[in-house]
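What follows is a short report on a single structure.
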Amino acid sequence: MADERKHQDPPLTTQFPRPTMGERSPSPPPSNKMSSSHQLPSPPHTMSPERRILVEKSLKRKLDTRCSLFVLIYIMNYLDRNNIAAARLRGLQDDLSLDDQQYATCLSILYVGYILMQIPSNIVINLISRPSLYISIVMLIWGLISTLTGIVTNFSGMVGTRFLLGFVEAAFLPGALLILSKWYTRKELTTRNAILFCGNLISNAFSALIAAGVLSNMQGVLGHAAWRWLFWIEGGLTMAVAISAAFILPDLPTNTRGFTEEELYVAQLRMTEDVGEEDKDAEGQKIFDGFWMVVRDWKVYVMMLTFTAYTVGLSFNAFFPSLTQTLGFSYVPTLLMSSPPWAFACAVTLVVCWHSDRTQEKFWHITLPMVGGLIGFLICMATLNTAARYVALFLQASSYAGFVVFYSWISSSFPRPPAKRAVALAAINAFSQLGNVAGMYVWDLKEDGYRKSYGIVTSMFGAAIFGCWVFRTILSRLNKQMEREEATAAADGRVPDGEKTEGVVTGSETEDGAAVGLRVAMPFRYLL
């Protein structure tokens, strides 16, 4: 933690100092002026609190509109990754002469490439000034790879394209989460993450519908199997969306085109107020400093293990058409019936994440959806009744709501410096993909409607709930430690009584006398 201390800047407000990330730097005496070495970016002109509110509304409206493209990109990301499950129902496994183990290998190898690329990619995206262009190029490449999957003729060809697909796709999710965390405060981030992850959930719903249309109508067209057309069509759509991303997605709060000077200023101000220091790395920071900060922070390892267990529990996603097929219908009804549970999961996720943002609570908003998933697993283990198992699929899909909240818990638990947050997001997400690798082999146990497989994912959800409790306990103790340190400082006369004011808009001045509508916030606390 000593390495992080040099990255901490004094707070934006002139009324009080604030601790960050569990440690206090020596508190400067209260002053009516900003320190010259840490002053805010100069506002474009005098900005009253009322003007600040109007500018912030305009900023968020533009930002929400542009970031909505992330949802479509995530839909394409999951379509290209999971269309192999639908293709399997229409002869892919037979045409390529794959046994069940080889098919599972084709699924799991994607996550090997995914794991290898996430941390390097997020280090790069944190350094460049045009992350929108980076994501656009990456998306264009994975769309091409997905298209080429339609021409493979054997096991080795499928393994190679799946590995490359995972290697390139790895850049998107942690990169998107990092970009969102550079624009949205902790009170806004969970809901925005939920909207992003709706792309994942919607893709599960619409992929089945698209697959049903393609697989039932394209068989034998131009002499090719329908499952090959599925890869070609969805890969081509991905490349079309990729071109628009370079022009629509935002870059950084300092340089994004399409925002006014006032809006960019307020965007930077919001992020500084949120945690108590500017959202930028220290001058002279080396490229791998963020990586070493993450390596030395043992909280990261707790989140890695917890998230991995959660990911194994969610591995049913890749086999959802096969699980729906246990209801006893043919492949087209099976694909159509696979969609409603994910539409339901999307609605549940939006409500859970909205409430998490509103209450600033994480633990229960993660674990309660898992409890719903556990009930769904137990129903499928207990009965082969068609209606009961279909209801259970809804409960299982809704467990994704906690998964989305977990991502925002990562961002809020490692807020500064950005280099550390970038690596933490990528490292935890990358390590959790080991759960996807293992999960591809969990569902080989088809007896009694996958009863043994459901037993495995039930135990994984139990382990994930325990891990969340451990992490919450750790953060609670750190919060109490900060409170004790603040009480000691207050007794010494170093912390004014105004420190506990939250969300108040005040008129403050920078050193050049320009008025700024600053919000005085509470000292930093980890969200539990």
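Backbone N, Cα and C atoms are what each Cβ position is placed from, and that goes for glycine too.
Any TrEMBL annotation is an automated prediction that lacks curation.
Because the structure is a prediction, the values reported are computed rather than measured.
Noted in TrEMBL for the protein shown:
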type	residues	note
REGION	1-50	region 'Disordered'
TRANSMEM	63-79	transmembrane segment
DOMAIN	66-480	domain 'Major facilitator superfamily (MFS) profile'
TRANSMEM	102-120	transmembrane segment
TRANSMEM	132-151	transmembrane segment
TRANSMEM	163-181	transmembrane segment
TRANSMEM	193-215	transmembrane segment
TRANSMEM	227-249	transmembrane segment
TRANSMEM	300-320	transmembrane segment
TRANSMEM	332-354	transmembrane segment
TRANSMEM	366-384	transmembrane segment
TRANSMEM	390-410	transmembrane segment
TRANSMEM	422-442	transmembrane segment
TRANSMEM	454-475	transmembrane segment
REGION	487-508	region 'Disordered'
Go through 163-181, 300-320, 454-475 and flag the stretch with the largest number of C-beta pairs under 8 Å relative to the transmembrane segment (422-442).
300-320
How about the transmembrane segment (454-475) with the transmembrane segment (132-151) - do they touch, taking at least 3 C-beta pairs under 8 Å (6 or more apart in sequence) as contact?
no
Does the transmembrane segment (163-181) come close to the transmembrane segment (102-120), meaning at least 3 CB pairs under 8 Å for residues 6 or more apart?
yes
Mind looking up the mean pLDDT for the domain 'Major facilitator superfamily (MFS) profile' (66-480) in the predicted model?
88
